[in-house]
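The structure under discussion appears below in the form of C-alpha cells.
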Amino acid sequence: MAQTPPTSEARPRPPVPTLFRVALAPIQAFFRLEAASGILLALCAVAAMVWANSPWAATYSAVFDARMTVGLAGVHAGFTIREFINDGLMTLFFFVVGMEIKRELSSGELRTFSRAVLPLIAAMGGMIVPAALYAAFNQGTPAQAGWAIPMATDIAFSIGCLTLVKTRVSHGLVVFLTALAIFDDIGGILVIALFYGSGLHVSWLVGALGVLAVLACLNHFQVRNGVAYALAGAALWYTMHHGGIHATLSGVVLGLFMPARPLRPGRHVLEELRLYVDRALQTAMDEATRGAQILYLEERLEELEPPLNRFVHLWHVPVAYGIVPLFALANSGISLEGMGWADLLRPLPLGIIAGLFVGKQVGIFLFTWGSLKLGVADRPGGATLPQLHGVAVVAGIGFTVALFVAGLAFPTQPELLTEAKLGILVGSLLSAVVGYALLRFVAKPAVPA
C-alpha cells in the first residue's frame, strides 16, 4: 500500500552561478557525445605513449610500478598500482560487461535467436581467423601463448568510430557491431577462464561455488540492496583469485546474477500510483507537500526499474570515463627508444597486426557474407556489402581486452609484453583509419528506414 509522504518543508536548491554553468557547458557537451568514451580512451593511450617517451619517462614506471600494501584482520596483501588497476578496478569493467550481456540476452537485441544468429556467426569468424593468423606467425615460439590477443573487439573505440560516420551507416549496422562485440566479449571471457588461469585449487573453487549459491539466492529473492551484492562479489573475487581462475571474471559472474526483472509487476504499481495521484489532486495542499509527494512518486517508480538496469546506469559512467581510460594510461606506455620499423616485422607484433587488421575483417566479412548467401539471416539494417566490409574492418580495433589478455599471456616476459602492446596499438590504429575511410568514402550513405 502507498505510504503517506513526508510533509516537511522542501529546501530550495541553491542557484548555480552563471559563470560556473558556462564553464561546465563544454564538458557536459563532450560527455553527451556518443564517441566521448572512445575519444577519452584514445587520449589516455596517446598520453601514455608521450609520457613513456618523454624526459620524464622514469616517472611513468615509478608511478604505476609503485607498490602498495593493504591489510585486514592481520592479513596483508601487496601489489603495484598497475596490478591494482588491472586485477582490481578492471573487475568493475567486467561487471558492467556481464550486466550488458545479460540485458541484451534478456530484453535487448540478442533476446531471440533470429536477431542473435548473424552477429554470433560473425563474431566466430572474427575470433577464429585472427587467432589462426597469429598462431601461423608464432607457432613453436615463446610468443605462442598470446594467440588470443587479436580476438578482441573494443566496443568503445569501434562504436565511437561508427559515430564519426553516422550518416553512412544505419542504426541496424550499429546494433550489429554492438552485438558482435558482445559475443566477442563472451568468447574472450571464456578464453581467459579456460586458458589463462594459474593452476586450479579445488578447495578454493568449492568456496567460489558456495558464493555462487548465495548470489543465486539473492537473484531469486529479488534482493535490491547493492551492499549484499558487493560483499558477495568481493568474496567471489577472493575465492576465484586463490582458486586459479583470473579474479576479474568474478565481475562478469556477478553481473550475470543481477536481477533483470522489476520488483513488482508494472501494472500493479501504476494502478496504485494512479489512485494515489487522484486522491492527492482532490486534497488542498501547500507546494512543499506537493514537492514531497512528487519525490514519493519517484521512489515508487523505482520499483519498475530492474536492479540490472539501475546498476548499469550507476556504473557505466565511472567505468567508461574513469576505470577504462585509467587502464589505458597504465598499460599503453611503450618506450620506443632503440626501436625501428623492423621491430614491427617480428613474429609477435606482426601476428597481432595481421590478426587485428587482416584476420578480423576477413573472418567477420566472410562469415557474414556466407550466412547471408545461405539465407541464415537478413542483412542488418539493409546494409550493403561495402558497409559490412567497413564495419568488419572497424571491428579490428581491439584495444582494452587485447591489452588485458596480453598482460595475462606474458606476465613475466616484459619484452614480449612490450612487443604485444606495440602490435595492438598499430593493428588497432590501422583498423580505425582504414575502417573510417571505407565507410566515409567508399560505402554509400545509409538509406533511412
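Numbering starts at 1 and runs along the chain as displayed.
Heads up, the Cβ atoms here are built off N, Cα and C, so glycines get one too.
These figures come from a predicted structure and were not determined experimentally.
Over in Swiss-Prot, the protein carries these features:
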- 38-58: transmembrane segment (TRANSMEM)
- 79-99: transmembrane segment (TRANSMEM)
- 117-137: transmembrane segment (TRANSMEM)
- 145-165: transmembrane segment (TRANSMEM)
- 175-195: transmembrane segment (TRANSMEM)
- 198-218: transmembrane segment (TRANSMEM)
- 240-260: transmembrane segment (TRANSMEM)
- 311-331: transmembrane segment (TRANSMEM)
- 347-367: transmembrane segment (TRANSMEM)
- 390-410: transmembrane segment (TRANSMEM)
- 422-442: transmembrane segment (TRANSMEM)
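When Cβ-Cβ distances under 8 Å to the transmembrane segment (390-410) are tallied for each of 117-137, 175-195, 347-367, 422-442, the top count falls to 422-442.
Long-range contacts of the transmembrane segment (38-58) within the same chain, counting only residues at least 6 positions beyond its ends with a Cβ under 8 Å from a Cβ of the stretch, are 30, 154, 156-161, 321, 324-326, 328-337, 399-400, 425.
Remote same-chain residues near the transmembrane segment (198-218) are listed as 228-229, 232, 235-236, 239-240, 242-245, 253-254, 257, 259 (criterion: CB distance under 8 Å, separation of at least six residues from the stretch ends).
The stretch from 145-165, 240-260, 347-367, 422-442 that makes the most Cβ contacts under 8 Å with the transmembrane segment (117-137) is 347-367. For the transmembrane segment (240-260), same-chain residues at least 6 beyond its ends with a Cβ under 8 Å from one of its own Cβ atoms are 86-87, 90-103, 106-107, 189, 192-193, 196-202, 204-205, 207-208, 212, 215-216, 218-219, 222-224, 229, 232-233, 306-308, 311, 404, 408. Long-range contacts of the transmembrane segment (145-165) within its own chain (CB-CB distance under 8 A, at least 6 residues past either end) are made by residues 33-39, 41-42, 126-127, 130-131, 133-135, 138, 173-174, 177-178, 180-182, 184-185, 187-188, 191-192, 195-196, 320, 324, 348, 351-352, 354-356, 359-360, 391, 394-402, 405-406, 409-410, 416, 420, 423-424, 427-428, 432, 435-436, 439-440.
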